[in-house]
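A quick write-up on the structure given underneath.
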Amino acid sequence: MEDFLNNTSQNESYGQSEIDQDYDYDKYKSLNFIKRVATFVIISICLPLTMAAIYSVFFMVRNDRGAPFYVINILISDVIQLSCLTVWGALQIWEYISSFIYRMAVLASVGFMVCLALERYLVIAKPLWYRFNRSKNMSVVVCAVVWASSIVFNFSYKTTCVAFLLPFPLLIFFLVGTVRALSTSISVPSDEKRRIVGILVLVLLIYTLLFLPFLITILKSKLISYTLFIVSDIFLRCSPLANLVLYVFIRKGTIDKLLAAVGCCRKESNDPQSVSM
């Protein structure tokens with residue numbers, strides 16, 4: 001989105017002229033119309049669902065300051081993003097402020113995804129350390145640091161890009177480390193293991209498919225067409241919708257129900273073959 005980094009650096013902004021000075025204006029308007037429609041649909045669907053998810057996760061946070069605590073912060077950052085998207089274009093001064101707040105919320109969302117992945121990794125790879133060093137106050141401090149960091153990294157174009165790129169190797173490390181530690185972890189129930197791996201895979205997919213493409217278009221702006229830029233922008237705006245799936249995955253029994261449903265579908269598909277034989 002032009003609004004995303006246009007206030008971080010005047011010399012490195014991703015403006016329309018930098019994309020393609022000879023770009024067909026009619027196609028430019030059509031792509032932006034598609035983006036506005038997609039944004040309206042995303043806001044209409046995500047905002048009420050996210051508010052309902054926050055209300056539900058709030059009761060989980062009262063008993064568990066681990067994964068639910070980070071998920072509720074992700075959902076709060078999503079509400080901030082959706083709110084900023086609704087007011088962009090109202091006034092120029094408010095557009096500058098909302099753009100800054102939006103970038104902060106996106107950075108915070110990525111940061112809490114890393115915290116969630118780290119917490120799930122520690123449950124499997126370092127269960128004893130996690131059990132004895134885990135505290136409610138620690139989760140609060142971590143969240144405060146993430147929100148503060150999202151503001152600090154927001155002032156510079158380069159630090160913003162670094163903050164977006166750094167989570168990628170961390171998320172891969174947490175997933176690979178968790179899978180390797182599964183065989184040696186005996187204190188964690190099997191259903192909890194499946195739920196943890198499912199969350200880590202989902203977090204990596206959300207980052208890779210929705211956040212990473214936009215970062216690539218920003219870093220390679222002179223080599224990327226405006227069409228790809230709009231597509232990556234829409235993908236980024238879909239992140240609040242994808243984050244709602246995290247809420248589903250942190251609920252106990254969700255993975256088992258999904259596996260059971262898949263198993264039933266396979267069984268039903270195999271029944272006609274067995275009858276015919």
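Yeah, the Cβs are placed from backbone N, Cα and C, and that goes for glycine too.
Note that the coordinates shown come from a computational prediction; the quantities given were computed from them, not determined experimentally.
Residues or ranges marked as domain 'G-protein coupled receptors family 1 profile' in TrEMBL: 100-247. Across the domain 'G-protein coupled receptors family 1 profile' (100-247), mean pLDDT in this model comes to 88.
Per TrEMBL, the feature transmembrane segment maps to 37-58 (among others). Below 8 angstroms of C-beta separation, residues 68, 71-72, 75-76, 78-79, 82, 85-86, 234, 237-238, 240-241, 243-244, 247, 250 of the same chain, each at least six residues beyond the ends of the transmembrane segment (37-58), sit close to that stretch.
The transmembrane segment annotation in TrEMBL covers 70-94 (among others). If you look at the transmembrane segment (70-94), the same-chain residues 6 or more away from its ends with a CB under 8 A from one of its CBs are 3, 39, 42-43, 46-47, 50-51, 53-54, 57-58, 61, 101-102, 104-106, 108-109, 112-113, 115-116, 119, 139, 143, 146, 237, 239-240, 243-244, 246-247, 250.
Summarising the annotation, TrEMBL assigns transmembrane segment to 100-118 (among others).
Look at TrEMBL and you will find 138-157 (among others) tagged as transmembrane segment.
The annotation transmembrane segment is assigned in TrEMBL to 163-183 (among others).
The transmembrane segment annotation in TrEMBL covers 195-218 (among others).
Annotation comment: TrEMBL describes 224-250 (among others) as transmembrane segment.
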Sequence-distant residues near the transmembrane segment (163-183) by C-beta distance (under 8 Å, 6 or more away from its ends) are 107, 110-111, 113-114, 117-118, 120-121, 124-125, 149-150, 153, 193, 196-197, 200-201, 203-204, 207-208, 211-212, 215
Would you kindly list the residues that approach the transmembrane segment (195-218) from elsewhere in its chain, counting only those six or more residues past its ends and only Cβ-Cβ distances under 8 Å?
-> 4-5, 14, 67, 106, 110, 113, 116-117, 120-121, 123-124, 161, 164-165, 167-168, 171-172, 174-175, 178-179, 182, 188, 224, 228-229, 231-233, 235-236, 238-239, 242-243, 245-246, 249-250, 252, 254-255
Same chain, outside the transmembrane segment (224-250) by at least 6, Cβ under 8 Å from its Cβ: which residues?
-> 1, 4, 14, 16, 19-20, 23, 27-28, 31-32, 34-35, 38-39, 42, 45-46, 49-50, 53, 56-57, 60, 67-68, 71, 74-75, 78-79, 81-82, 85, 106, 109, 116, 195, 198-199, 202-203, 206, 209-211, 213-214, 216-217
